[in-house]
Amino acid sequence: MSDNNVEKEAGPPQESSPVVDSQEPEKRKREYKDFGHEEEGPTHAKVDMEKIQLKAEDLYDKEKVDLETIVVDDVFKLLQTDENGLTTEEAQRRLEIFGPNRLEAEEQNPFLQFLSFMWNPLSWVMEAAALVAIALSNGEGRAPDWEDFVGIVLLLFINSAIGFYEERNAGNAVKALMDSLAPKAKVKRDGKWQEIESAELVPGDMISFKIGDIVPADSRLTEAINVSIDQAALTGESLPQSKKTGDQCFSGSTCKQGEAEGVVISTGPNTFFGRAASLVGQDDDTTGHLQKILAQIGSFCLVAIGIFVIAEIFVLYAGFRYRYRRGLDNILVLLIGGIPIAMPTVLSVTLAVGAQQLAKYKAIVTRITAIEELAAVTILCSDKTGTLTTNKLTIDRNTVRTYGPFSAEDVILLAAYASRTENQDAIDQCVVGALGDTARARAGIKLLDFKPFNPVDKRTEITYREEATGKLKRVTKGMTGIIIELCTRNKTEEIENRLEADVEEFAQRGLRALAVAYEEVDGDDPEGEGNGFELIGLLAIFDPPREDTKQTIDDAMALGVKVKMVTGDQLAIAKETGRRLGLGDHMYPAKVLKEGPSPDSKFRSLDDMILDADGFAGVFPEHKYEIVKRLQGLGHLCAMTGDGANDAPALSRANVGIAVEGATDAARGAADIVLTEPGLSTIVHAIRGSRIIFQRMRNYSIYACAVTIRIVVCFAILAFAFKFDFPPFMILIVALLNDGTIMTLSVDRVLPSSTPDSWDLAEIFAYAVAYGIYLTLSTIALVAIAIRTTWFFDAFGVTLTNGATSAAGNHNDPQLHMVVYLQVAIISQALIFITRSHSFFFMERPSFALMFAFGLAQLVSSIIAAYGDWGFTQIHSISGGWIGIVWVWNIVWFLPLDLVKFGMKATIIKYLRERHIKALAKETAEGIVCPSFVAQHARLGLVKRCPSGLRSCNDSAASRQHALAPRSLVTPLELLRQHRQCSVIDDPAPYAFTFSLNFMISQDSMQQPGVQHSLFVPLSRNFPPLVVAYTWIPTRLSVSAFTVSC
């Protein structure tokens, strides 16, 4: 039928066999195990129904009774109702007991919410500095320090406003879920049908709905006429579900076909929909990941400031007998200069710029701090239906089976004839859509009779006249068992065996089988008998992956992000989709999340099973939520993608929730990033972009902490050693100029890491202390020479106030204050070029914006030094000679900073990393360990306990490909663990294993391509974790053999 003018010859009719023996055994009845839900029979209440009270505590306690599965008669008894519905009075009484059929959102006082953002270590120091400036600075005839006070308070309010704005969006998810509920409902009250607000429904009400209606509450059907319900947004099932009397319908699902009546069994928060809404934000730590990091950095600064403030109080007041205001000015210098006042603002601007960059890829960021968390994500959990797949049923052309003289294309065309072209259901739409040009479904034929699908016959049928030949023909398509029973022409033992095997194969792969049969009709009567149906083909229907999904998954894995499928669809479908996408088919049904691993399982705990799995199927919203929560409990930062209301709880719980294009309002409201174009490739762009942004934030954090140490230690030592009283206002000028320049880091040129990033605060603080102490020495040396010697005068002829050749007579010379200001301002800003680079600072070109801002800030600082002569602070302009000296001095001290960085990497940083690995080894000493790219340890290769004893195998089968990110860390056990057919050695303790891995480097290698290498690694419980670093940086590892011996 590829060509409508070509007539295919039907197969011969089935020959009847002569009866030989009347006692011949009856032919076995075949069972075509077509794909679909396994139906469970109805149950009965587990307790005496007379003891169940009409209240939520009893009705929704599944240990006592499960209203979703018990027989409908028991439902009526428990709910004390009948098919005539409730009376108005009884409905009102139950409304008081069960509450309205809607989701309640808890309102938070906005003023208290705003104030909460001023309660953290960074804010505490800022608030303390403001208090000192305005309240404690009164005295000795001097006015309060209004300049410092206004600047500090302004920055404090800006930072709090940003956090307040973000958190006010937290209720969006629940609001969207509420809006998704049906606003009106048709209910039988007082024996009459009437329309009411769905919020007034109560358990026991009789409701009615038809095609196009939203189911207003969870209900059990008492009457169903050809009903098909789309509940993909709730359960993740890709196909509309046929419903019959006794079946349950979920609140918020949509009736796609037929009409039904039912009894309401649960409303509001007790519905399937309501339980999903209650999980959104549940157990959610309102303090975000970035806020926690800022709190720790703030605590570091607070401790540093506190130590030296206490030291100054004792030394300056008790030791030097300073007057109140003089000592307070010194303390204020530490408070203003020590805290990185603008850190939240700088990081927020960096994230906001990143959000604008992601918007170019059609990704809307609704919570900008999610960008920072995305950089550290190690596991991406993804819904299947509508996310990894298109949520549009498709004919799989590669698996079409033919049984007659027709080709696969002919079978598809004939199946399209037997489909509606208007008012189509999902099956008809996918069959006709397979033609490409839908007009072909009626081209060259004249429709004479059409029988649509119904739940009794379970097939469609068309009788048509072929215009080219004038012959009448008939085609039918439908469930396999129904169609084969109609066939008489080629229903042989061989054909039935093939068909049974094909249907079973489809079922195992999660493909829905659609059988097609064909016959010719003699004469001109469309209702006349045909010459007998002939089975001509079997179509496989599935929900195909999006075009870019496989590439996206491959790219994510190359970036060190493990992808897991978490779907409400069935296990067979999940496995088939996993195989097609390269995710693997190591998946489990949802029941394991409740029951845990079996006693004979290789997994020690449910956490091990979740960590090992490629995905889970048949999950409900609470299951998705639990999976994400457990992975986070194992130390992973998780991203979650989804599109339906059933994904909303997990999207909300995940560190980064991503709603794909076409997602429901509930999913978008719970998500942190919303994609506005089809496809998932934007996620990879977002991961790379977030890692660029993370590098910028890390560079700034090292810089900010180093400046804190530099200011606090430097000016405390100057006060102790020389009674040097630096003006607080000039520290504020240094801070403002620095932060104005550093703001351009938000667009700096950096390279993203190839593995998930993490905030290693120990390294950040170590670098900060080293840089801070070095810069402190540069300033102390300058001041010491200016006070103790006349070297600057002797060498360069420069003088201080009143022509003094040194500051020996006045340690607080106003011009010396200006010299120190300029020296601190220049070299502090120059430090950013050291912190932003991994090699020599001149090897990594900064952005033009950063260079321009740095140059402008230094120009302003030099102008202030040359012309600043302000009466309200103790400074005085200096000569050009002094400005030149300070510039040369800073250049001389700046150049060795790279050596400080390299020295830290070779000593302190190396020690911290080795100590970290040893600590992990100690924690997992009781079990064999394997690596896991976990957020906070990704760069080190976190070593975690394997879910079982060592798997033993000797595999010389076909090579297995393992993608490795550049410079990734891997253990032999990780590769071995990926081999699914290894046997398990239950107790590896007494043995010392030797692992032999034969591998070939296929590209990107300093070795010769194609050369085989072997690694022999002893493994024992007595050995520390073994991490093999592939220093030649392979991008693809081809494993040709596994060998384990003991």
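Even glycines carry a Cβ here, placed using N, Cα and C.
The compositional bias 'Basic and acidic residues' annotation in TrEMBL covers 1-10 (among others).
Residues or ranges marked as region 'Disordered' in TrEMBL: 1-46.
For 24-46 (among others), the entry in TrEMBL reads compositional bias 'Basic and acidic residues'.
Feature annotation from TrEMBL assigns domain 'Cation-transporting P-type ATPase N-terminal' to 66-138.
Annotation comment: TrEMBL describes 297-319 (among others) as transmembrane segment.
Non-local neighbours of the transmembrane segment (331-353) in the same chain are 122, 125-126, 128-129, 132-133, 137, 145, 148, 152, 155, 158-159, 162-163, 290, 294, 297-298, 301-302, 304-305, 308-309, 312-313, 368-369, 371-372, 693, 696-697, 700-701, 704-705, 707-708, 711-712, 715-716, 726-728, 731-732, 734-735, 739, 742-743, 745-747; each lies 6+ residues outside the stretch with a CB under 8 Å from one of its CB atoms. Marked as transmembrane segment by TrEMBL: 331-353 (among others).
Within the chain, the transmembrane segment (700-722) has long-range Cβ neighbours (under 8 A, six or more residues past its boundaries) at 297, 300-301, 304-305, 308, 311-312, 315-316, 330, 333-334, 337-340, 343, 346-347, 350, 731, 738, 742, 745, 764-765, 767-769, 771-773, 775-776, 779-780, 783-784, 787, 811, 824, 828, 831-832, 835. According to TrEMBL, the feature transmembrane segment maps to 700-722 (among others).
Taken from TrEMBL, the feature transmembrane segment applies to 728-752 (among others).
Long-range Cβ contacts of the transmembrane segment (764-787) within its own chain (Cβ-Cβ under 8 Å, at least 6 residues beyond either end) map to 297, 300, 698, 701-702, 705-710, 713-714, 717-718, 721-722, 724, 800, 806-808, 811, 816, 819-820, 823-824, 827-828, 831, 834-835, 886, 889-890, 893, 896-897, 900-901, 903-904, 908-909, 912. Annotation source TrEMBL lists transmembrane segment at 764-787 (among others).
Taken from TrEMBL, the feature transmembrane segment covers 847-868 (among others).
Sequence annotations record features per position, and here TrEMBL assigns transmembrane segment to 880-900 (among others).
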By Cβ distance under 8 Å, which residues at least 6 away from the ends of the transmembrane segment (880-900) in the same chain are close to it?
770-771, 774-775, 778, 782, 792, 796-798, 815, 818-819, 822-823, 826-827, 830-831, 834, 840-841, 862, 865-866
Along the domain 'Cation-transporting P-type ATPase N-terminal' (66-138), what average pLDDT does this model show?
78
What are the helix, strand and coil residue counts for the domain 'Cation-transporting P-type ATPase N-terminal' (66-138) according to DSSP?
42 helix, 2 strand, 29 coil
